[in-house]
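The next block holds one structure in the form of structure tokens; read it before the comments.
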Amino acid sequence: MTLHLGSHVSMNGKKMLLGSSEEAISYGANTFMVYTGAPQNTRRKPIEELNIEAGRAHMKENGIDHIIVHAPYIINIGNSEKPATFKLGVDFLQSEIERTQALGADQIVLHPGAHVGAGVDKGIEKIIEGLNEVLTENDGVQIALETMAGKGSECGRTFEEIARIINGVTHNDRLSVCFDTCHTHDAGYNIVEDFDGVLNEFDKIIGVERIKVLHINDSKNPRGAAKDRHENIGFGHIGFKALHYIVHHPQLQDIPKILETPYVGEDKKNKKPPYKFEIDMIRNGTFHEGLLEKIVAQ
């Protein structure tokens, strides 16, 4: 079994997908995740400018056969208050799915949505409506609903909420789940001392076979804080031992694991990516106390 381990990488400039693949390889990764453009706006390059052919060739040369796309966080199909926001979310999600397919990825990770004060039931109802508009039966891409921390009015912070969304969608064979360790911890699940119990609960409520992506992040906050602030691997409230256990869990073996941990350094203009060091540490199974200093010194 191959451990598919990588991180979020950038996709910009002239190189686009080729640059993403080169960045991933520089970290010692064999998978990666990208946004197809800035996550906070709808400006996107046309598909023919994503440099897909060169990017795919570089991936193939370096043994990367699986990549993930993350939908931008401006998409909110849980908004029942503003029809324009909902419509933008549906339309933009549809075009992002086309871009995901063009890149050769089969998973696009989506934050389910926020109810913006209308209540969870209303939010879930709207998310189902949006997904039913977007998902037709003939498309190869799955939308991976991300487990959320429960910050603000986020929907999808419990397994039950995600199950309700999945069960409400007609073509729900096109839905999968992205299990985020920081989010589930912050939502109150005890993944530190009882990950097997949490996974069993997930299996009963949703089905473990739905998990197609894992976001591996430590957390700056104690369990149940509903905050969603990622921390570097081993330096937060989840800790290295628990995260290493999750990454190497026999039930999650072939699933891509993606790090979204923060860049390191005091100088805001010159923070350094931690991924090469964290990937190496996870593969070797030994925690390095002095890792952050090492990252800054690179």
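Using N, Cα and C of the backbone, Cβ positions are placed for all residues, glycine too.
Feature list (source: Swiss-Prot):
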type	residues	note
BINDING	HIS70, HIS111, GLU146	Zn(2+) 1 binding site
BINDING	GLU146, ASP180, HIS215, GLU260	Zn(2+) 2 binding site
BINDING	HIS183, ASP228, HIS230	Zn(2+) 3 binding site
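Features recorded in Swiss-Prot, as mapped to the structure shown.
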| residue | record | Cβ contacts under 8 Å, 6 or more apart |
| --- | --- | --- |
| HIS70 | Zn(2+) 1 binding site | HIS8, MET33, VAL34, TYR35, PRO39, ILE108, VAL109 |
| HIS111 | Zn(2+) 1 binding site | ALA71, TYR73, ILE75, GLU146, MET148, GLU154, GLY156 |
| ASP180 | Zn(2+) 2 binding site | GLU146, THR147, MET148, ALA149, LEU214, HIS215, ASN217 |
| HIS183 | Zn(2+) 3 binding site | GLU146, THR147, MET148, ALA149, ARG157, HIS215, ASP228 |
| HIS230 | Zn(2+) 3 binding site | CYS182, ASN217, ASP218, SER219, LYS220, GLY236, GLU260, THR261, PRO262 |
Zn(2+) 3 site, defined by HIS183, ASP228, HIS230: further same-chain residues with Cβ within 8 Å of the Cβ centre: ALA149, LYS151, ASP180, CYS182, ASP186, ASN217, SER219, LYS227, ARG229
Structural state of HIS183 (Zn(2+) 3 binding site), classified by DSSP into three states: helix
Residue with minimal Cβ packing [other Cβ atoms within 10 Å] among the binding-site residues GLU146, ASP228, GLU260: GLU260
CB contacts for HIS215 (Zn(2+) 2 binding site) [other CB atoms within 10 A, all chains]: 26
Residues flanking the Zn(2+) 2 site, with Cβ no more than 8 Å from the Cβ centroid of GLU146, ASP180, HIS215, GLU260 and excluding those residues themselves: VAL109, THR147, CYS178, PHE179, THR181, CYS182, HIS183, VAL213, LEU214, ASN217, ILE258
Assigned element (helix, strand, coil) containing GLU260 (Zn(2+) 2 binding site), judged by DSSP: coil
Additional residues surrounding Zn(2+) 1, by Cβ distance to the HIS70, HIS111, GLU146 centre under 8 Å: ALA71, TYR73, VAL109, LEU110, ALA144, CYS178, ASP180
